[in-house]
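Below is one structure, written out as structure tokens, with a few remarks after it.
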Amino acid sequence: MAAPALSWRLPLLILLLPLATSWASAAVNGTSQFTCFYNSRANISCVWSQDGALQDTSCQVHAWPDRRRWNQTCELLPVSQASWACNLILGAPDSQKLTTVDIVTLRVLCREGVRWRVMAIQDFKPFENLRLMAPISLQVVHVETHRCNISWEISQASHYFERHLEFEARTLSPGHTWEEAPLLTLKQKQEWICLETLTPDTQYEFQVRVKPLQGEFTTWSPWSQPLAFRTKPAALGKDTIPWLGHLLVGLSGAFGFIILVYLLINCRNTGPWLKKVLKCNTPDPSKFFSQLSSEHGGDVQKWLSSPFPSSSFSPGGLAPEISPLEVLERDKVTQLLLQQDKVPEPASLSSNHSLTSCFTNQGYFFFHLPDALEIEACQVYFTYDPYSEEDPDEGVAGAPTGSSPQPLQPLSGEDDAYCTFPSRDDLLLFSPSLLGGPSPPSTAPGGSGAGEERMPPSLQERVPRDWDPQPLGPPTPGVPDLVDFQPPPELVLREAGEEVPDAGPREGVSFPWSRPPGQGEFRALNARLPLNTDAYLSLQELQGQDPTHLV
């Protein structure tokens, strides 16, 4: 019965044996610590510590890279009661055996009888666990009583980070320990240091270590071998404080400079003497500008001063006043046109009266400077009729029965000079188109009556309403009312197809400014003028009417 029972239990024990071995290995790894560092060239140093390690057991570290064909093994040597260490030599000291992409599998193997037992395992990334070799070749370059210059070298450092290094140094003074020594940090690759504030004739020791800036688990290298040096003794009778002499020299120079400047400013005889010393040859401006020198007595400042007061150049002054635009009815007296101080009365726009205006832009050409060029005011005259278009029959029948508009009285005094009409010759020069009509207008004696100048309704119906009037010309000072230059009634009747008798021998030819217009002429003019609701004439419109004369 015992044999059958053992037969089915044996396969079960074989299956459970690997599991028991892995549990034992995990227990061993849980109480051990395995740490390795790469020196960036061809050396991997490892330290393994184990609690309750077996006595008289040999252990070793085996390295197996994933991208290389070689493998290396080193014997762990005891460094303390529970720790061992070894160095994996991968090749020549300065050869680059590993790169940043390599991963090395490290195992700690211990012998148990005739078999090797795995005690620890690690996937090692060389450039994430860097520790360089300690600096070498420390030497004193220069030593004085209070300072010392020391240099060193770095061995077996990879070219991957040879420019990305930092250093720490410490100096051991008498009566202190290395742990108490202050650390001096160099954040760049600087293989020398200048120690200051040292005591003369004193013995010191110096150490330095290095660390690359690359790697997550990178650590400082071991401290270098101590370098002992001694400062020079101080000379007899010499001040032991070096900065005091420099301070005295600086203060003496500053006081001397201040005294020299004071003497140069306050000494009256310094000017000619200084010119002779500096050999300054300044020319006399009076030799070249004799007229200015005689006018201002040799004062150069008056030569360069402005002839105008400073207020003339002030941008904050009052702006020049601009002449107002006045619009008055034709029936108003002329004196109201030039009263600038008073506000003009609003014109009552009706369908029976035309309006006239006089605009002057004298204010635009006013200057404050005494030598400025004065420009004479330019006057612009224009008319407009704001009434709406009426029926010709109703217009004739509804003509005002009152007296005809009386001509305005001529101006006098300053007002007459302000807004006057041009002379006959100037008017012809200003608007030569007055002579370019089909024939000069003719007037009959007694033309002032309204009934004599009025046309029959039958003739008024035949007159075209969109007839374009001739260019306007300003009247003479004797007749200030502005009347458009129009063809005579005979010409209008001929165009309408009616027979009109020729003028008698007593009917002379005259221009429209030679007689006062009648009421019928105003009505005929108003009936022919197109509706114009604009109250202003621009400069371009004036030039368009008469391009030979520019305003």
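Cβ from N, Cα, C; glycine included.
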Pick from Asn29, Asn352: which does Swiss-Prot describe as N-linked glycosylation site?
-> Asn29
Pick from 80-84, 220-224, 250-254, 370-374: which range has motif 'WSXWS motif' per Swiss-Prot?
-> 220-224
Cys36, Cys86, Cys110 - which one Swiss-Prot pairs with Cys59 by disulfide | Cys110
Give the residue counts of the domain 'Fibronectin type-III' (134-234) per reduced DSSP state, in the order helix, strand, coil.
-> 3 helix, 44 strand, 54 coil
Give me the mean pLDDT over the topological domain 'Extracellular' (27-240), rounded to a whole number.
-> 89
